[in-house]
2 protein chains.
Amino acid sequence: MDHLKEKTLHSEKLFSGRIIDLYLEDVELPNGKTSKREIIKHPGAVAVIAVTEENKIIMVRQYRKAMERNLVEIPAGKLEKGEEPIVTAKRELQEETGYTCDELEPLISFYTSPGFADELVHVFIAKGLRKDTEEHQLDEDEFVDLLEVSLEEALELIDKKEIYDAKTAYAVQYLQMQTLFRK
Amino acid sequence: MDHLKEKTLHSEKLFSGRIIDLYLEDVELPNGKTSKREIIKHPGAVAVIAVTEENKIIMVRQYRKAMERNLVEIPAGKLEKGEEPIVTAKRELQEETGYTCDELEPLISFYTSPGFADELVHVFIAKGLRKDTEEHQLDEDEFVDLLEVSLEEALELIDKKEIYDAKTAYAVQYLQMQTLFRK
């Protein structure tokens, strides 16, 4: 399927950040013409679907500077360099929520914004979840509220646009589908 | 819920592109300390779930430069300035696939990468879909293959990581759930 390929003629790194890098690329299109592509490189991230024995979904509310507002999301975090996604997922779950789990089962991975970014999110399901006795420990620039919500409450939070991001919408829809399967 | 808010101390625009802008911001955290935020501003986008009378999902395969590979996605496109999402959705569907529809029903909107970007994707469902007689007309830097796949084929494409982005994964899961509802 090389008839769609865009060939890199020139790539310039315009910004190197703590989380993202920005590249501006000149490309040759399949018809021989040229164009520019604005590309964000991101280390990737993990997200965890964690449901308690009482059938409550564990969520975190946090301030998202890009939108200048709070969002309610499933626990998530970016990959550290060289770290296996499953290791990041276990750590982020514990740090953000104070919960640990016996097992993390990979559910799906997806690119979040393929039009301009290479961020890949790996979604896991936590099995054998339990509240840790230790305090949860956040990164020093991370402030979150812990929430435990039923599926019905999660659907209401989607209606109210408090849950308002792709990975969490996917997770809630997944749990909704599991409920249908059981019926 | 102002206890999570991050106050902007300084905001600098580092890049202004055709699709994205990059800002570097100094913020004051809830505990009074400061940190930096890397923020991508994006005009937002639309995506369309379009299913033919033969129960085939309309998809497009295109080269995604950020990943250096082809992806199979539901038809989508970025918002033009001042354009209503539903207008963009109707146009993108026709331009990318050659299909028109009687109605576009809003399904859900979500932020794709809330950790660093404000891109909001509005997902619509096309009703009264029909193949247009006119040729479909792509942007001059846009090259796509048109695909029509069954739900089963879409699930296989997810397994093969050819469908590999959040909005399309959400759309396929949505159609899977609708099928369960009907059973």
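Please read every residue number as a count from 1 along the shown chain.
Just so it is clear, glycine is given a Cβ too, placed from its N, Cα and C backbone atoms.
What TrEMBL lists as domain 'Nudix hydrolase' is A:40-171. For the domain 'Nudix hydrolase' (A:40-171), the number of residues in each DSSP class (helix H, G, I; strand E, B; coil) is 28 helix, 57 strand, 47 coil.
Neighbour count (other Cβ atoms within 10 Å of the Cβ, all protein chains): 15 for A:E142 (Mg(2+) binding site). Annotated Mg(2+) binding site per TrEMBL: A:A76, A:E92, A:E96, A:E142, in sequence order.
The annotation motif 'Nudix box' is assigned in TrEMBL to A:77-99. Nonlocal intrachain contacts for the motif 'Nudix box' (A:77-99), taken as residues 6+ away from its ends with a CB within less than 8 angstroms of a stretch CB, comprise 19, 42-48, 50, 58, 60, 106, 122, 124, 126, 129-132, 134-139, 142, 144, 146.
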Quiz item: Can you tell me the mean pLDDT for the motif 'Nudix box' (A:77-99)?
Solution: 94
Exercise. Select the most exposed residue of A:E92, A:E96, where exposure means the fewest other Cβ atoms within 10 Å, treating these as the binding-site residues.
Key: A:E92
